[in-house]
């Protein structure tokens, strides 16, 4: 009797453990098979209640520091024929896409997929990255013109300083330092688990967003009251003056949401890319030498303005910049939400589920780039395979400042390679991958002026 009772409790324990282990699959996937005519979801595993596969995600990204193995493990287990996998990440049932065709379908079909954020307040409810339809087209058109086609850049103030000046004419060092800290706080919250209470990354990020918005609100109010007739020729002024087809201007909240969001996006992409530029050029002195030779040809006097036309003439620099951006892999994935049930190659993407387009996989896949983890600007002698290079996303929501980011990096390279020598203090430093790839020492260098 005791043996039978013990066996019973063992069976109960095994059943409960199995239920716990497969709970999300039972809860989210089983109803599709039972009640929707045997509709197939993509293969995968959705993890344990409320947490899903976050332990595995963090294991690969933070503990092992091998982020690509998160997707490769799924490919080995489920195959990679359709490039779709079901999972549960960041508090939501999710479909992962990791093939060019599936990702293109999601990013280009705005009638079926909407932009998705864990907390829309964090990116600004009326900002370019949150609004849809005509509002998105209206703001994007102005931002693309204003951000991607500057006449000239003062390269001695790069990253946050140049972005702060170009977007809102902010030059004060103490204000820029405050914005710098706030931007970092916001970035850390963008990929945080969506739990908002004191002490969480999301809660702190929301506080940083509100403080950053207050800084720019003060600048906007000053312009409205005292400087209405003083032309600034920056993005804030352009947004304040912009009118739609009916002659209506943007509201103050729309202006502020877009300024804060664009500074976050511009600062993140540019500063991360510049950090990797310093890193890779220290690692590959022969590439640095070729850059220096090219920029000597357009150098008039060190410290002078460098124009867009001069930078555009530097063909090898363009290849180096592209390779830096590819290797930086600034955004591992972008997220959309399915507006309706979508069928793709016999599998269902359910309405309301998140879709994570795994951009990082494209840049690190040897099927797309030969020896992908090697820094090789000459690979850009040829165009990449169609759909295999999506560092700035794709479709109607491709990063509006993609050309601005490229230009910022190229301008910095011009002054860096002509004016300085540097070496890595920790050439064998490890890597971290959240919220974006980063050497563990933040690329500490010894630098001297030439």
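Cβ atoms here come from the backbone N, Cα and C positions, even for glycine.
Positions annotated as transmembrane segment by TrEMBL: 6-23 (among others).
The transmembrane segment annotation in TrEMBL covers 44-61 (among others). Long-range contacts of the transmembrane segment (44-61) within the same chain, counting only residues at least 6 positions beyond its ends with a Cβ under 8 Å from a Cβ of the stretch, are 20-21, 23-25, 27-29, 67, 69-70, 73-74, 78, 85-91, 93-94, 96, 193, 433-434.
Here the transmembrane segment (259-282) has long-range neighbours at 123-124, 127-130, 143, 147, 158-160, 163-164, 167-168, 179-180, 183, 186-187, 209, 212-213, 216, 235-236, 239, 288, 291, 320-321, 323-325, 327-328, 330, 375, 399-401, 404-405, 408-409, 412-413, 416-417, 422-424, 427, 436-439, 442-443, 445, meaning same-chain residues at least 6 beyond its ends whose C-beta is under 8 angstroms from one of its own. According to TrEMBL, the feature transmembrane segment maps to 259-282 (among others).
All protein chains shown were included, and the count of other CB atoms within 10 Å of the CB of residue 399 (heme binding site) stands at 21. Annotation comment: TrEMBL describes 399 as heme binding site.
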